[in-house]
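Copied from TrEMBL, the annotated features are:
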- 304-315: compositional bias 'Acidic residues' (COMPBIAS)
- 327-338: compositional bias 'Basic and acidic residues' (COMPBIAS)
- 129-257: domain 'TFIID subunit TAF5 NTD2' (DOMAIN)
- 57-87: region 'Disordered' (REGION)
- 304-356: region 'Disordered' (REGION)
- 386-427: repeat 'WD' (REPEAT)
- 459-494: repeat 'WD' (REPEAT)
- 501-532: repeat 'WD' (REPEAT)
- 543-584: repeat 'WD' (REPEAT)
- 585-618: repeat 'WD' (REPEAT)
- 627-659: repeat 'WD' (REPEAT)
Amino acid sequence: DRQTLVAVLQFLRRSNLRESEEILRREARLLGDDLGGSAATVASSSPGVAAVAAVPPGKGGARAGAAGSPPGAGGRPLPTGPLGTWGGAVPPAASGSLHDAGAQGSVSGVVVEDQPDVSAVLSAYNQQGDPTLYEEYYSGLKHFIECSLDCHRAELSQLFYPLFVHMYLELVYNQHESEAKSFFERFHGDQECYYQDDLRVLSSLTKKEHMKGNETMLDFRTSKFVLRISRDSYQLLKRHLQEKQNNQIWNIVQEHLYIDIFDGMPRSKQQIDAMVGSLAGEAKREANKAKVFFGLLKEPEFDVPLDDEDEEGENEEGKPKKKKPKKDSVGSKSKKQDPNAPPQNRIPLPELKDSDKLDKVMNMKEAARRVRLGPECLPSICFYTFLNAYQGLTAVDITDDSSMIVGGFADSTVRVWSVTPKKLRSVKTAADLSLIDKESDDVLERIMDEKTASELKILYGHSGPVYGTSFSPDRNYLLSCSEDGTVRLWSLQTFTCLVGYKGHNYPVWDTQFSPYGYYFVSGGHDRVARLWATDHYQPLRIFAGHLADVTCTRFHPNSNYIATGSADRTIRLWDVLNGNCVRIFTGHKGPIHSLAFSPNGRFLATGATDGRVLLWDIGHGLMVGELKGHTDTVYALRFSRDGEILASGSMDNTVRLWDAVKAFEDLETDDFTTATGHINLPENSQDLLLGTYMTKSTPVVHLHFTRRNLLLAAGAYSSQ
């Protein structure tokens, strides 16, 4: 293939791209020697990872040049997707060769703006192959895969969907509309049921013009679809395509797919089914290798004043004193540092104020009276039903001490209720405050204006439906985010808006305060999550990488990480310190709508429109369980205070309780599993289901365990 190489080098010299030319010379010499005459070898340093990028044979110099140099043909920068540099930026050496993923990283150091240039992206679908033969190519491959051995069939079937999409788009782009239509009609029924929504969008792209500016289209083009296949299955496929001279399919595999090859047994159908279904295939195994500090931070130490009556009252179980149970519930973390915890000062956290300490003391007293839950001892559930909300309730939150509940509504109001006999009061006006004796003992009581006392306060300010609400841990502030693109911070002392944070240009779907206050996170339709601090009007971090709306956001209990769920059907874990994505979890078959971390920080539970609740081990980056039972979107997830029970609430009008201890015990996380991602989920999750509780006709929007482990649920009655 020397001629192609020479042509490319000449082209680069003509375009004054000296650096690229040098790089290509170095690479070619290095690879040229290795490859000799053989068609393709994997030059892979990391075990079994091969980034597939090569020039379709016989395309001559110009096409190769376009893919060859990072700055691209004629000096125009190559597009980069949200996930880094576009697949074409590896210099082509021998046609059909596989480059090491490492080589890709070194060359494609060109980072261009976030949104790829559509026309540049589309030009990759230049005319290739005879349009009338596409159906033949595809059915040939289909026949080959369906006739292969059972152990390989499941793995190779993963190719059907991405190949189907790319072949269809190629036909449309090259204006073979009738061929495209018959190709779609003939094969779209064979795709897995969880791709239905994507196929619906695809079926509407019938002309070349439709492809410009279409988001789905761009996602598919700019992020390589990731397939995880064992080496044996991969060799089988490669041999078949090369024998058949089926260049068309081989080109698409090389150009648009990322095949993550592992050594070992091929995976079974259910192992694959559990993990696939997201917009860009599975996560590369590399994506979940980074170290995550999932442990909890050390609790600050201070003495707990004891009330006399408590001391007598609580000793029937032979507990020594008030202070101890709290220590147990944190797992005696207060004394020694958790080995998996981040350093205390890894990210700056706010100082504890006196009021916070007081609250912690109250919390410990409550914790002493906490009910130990388990299969034998299920929590009582108290359901708050919003009546006459006319389908307008869009968000709910409850304070940690369960004293207030807030609702966000479609009419753009935020309503705060007191759930205790104590009414909500505002601070007096400045003129009245100046008359108060600041030295008096009950000064905090005196500054409150009795005339304003009421059970409900309505906060006006947003100009669109309010999709997310979150109380600060100290109950002084409330966050709300809305369709109007802003996040607002409200004072619960004056019940007025303090700040409007503008950063998202589109609807903001969710927001949440850090467990330590001060920081908060928001996620929206613009596909990014933002980290804010209450005293900065611009975001501190922007977490970009999802391929669709960020639908829900959650802080890890140690506040060093943020989990985001997205409509691209993946969950990502982000490091607050540097903004890196440290975990990508795939497996849901619909947009994610709820996230919950276990109290010990080791596990994450996620719920989605597919009605499944998936459980993840954060440290190992693996799926460890699947809870089936809900028949509609899971909108609420919460672990009990000590993590024994997971409660899930859904649009199917039920609350379900699951045995979290049993779900997480004796997990098989040996090295092999972590290396290959072979997960073995227990066959049925019914043994984990402890109870199902129906409401009359109220979808469950929010769940909350009180400090004593009473479960509070909330939703709006719907009269259908």
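Yeah, the Cβs are placed from backbone N, Cα and C, and that goes for glycine too.
Note that TrEMBL annotation is computational and uncurated.
Proximity of distant same-chain residues to the repeat 'WD' (585-618), defined by a Cβ-Cβ separation under 8 Å and at least 6 residues beyond the stretch ends, is recorded for 194, 197, 274-278, 281-283, 288, 292, 294-296, 331, 340, 548-549, 551-558, 563-567, 569-573, 624-639, 641-643, 646, 648, 650, 652, 658, 660, 663-664, 667, 669. Note on the repeat 'WD' (459-494): residues 353, 355-356, 359, 394-401, 403-404, 406-416, 424, 426-427, 500-513, 515-517, 520, 522, 524, 532, 534 of its chain, located 6 or more positions outside it, place their CB under 8 angstroms from a CB of the stretch.
The average pLDDT computed over the repeat 'WD' (459-494) stands at 94. Beyond the repeat 'WD' (386-427), the same-chain residues lying 6 or more positions past its ends with a Cβ under 8 Å from any Cβ of the stretch are 359, 362-363, 366, 433, 447-450, 452-471, 473, 475, 478, 480, 482, 484, 490, 492-495, 701-702, 704, 706-707, 710, 712, 714-718.
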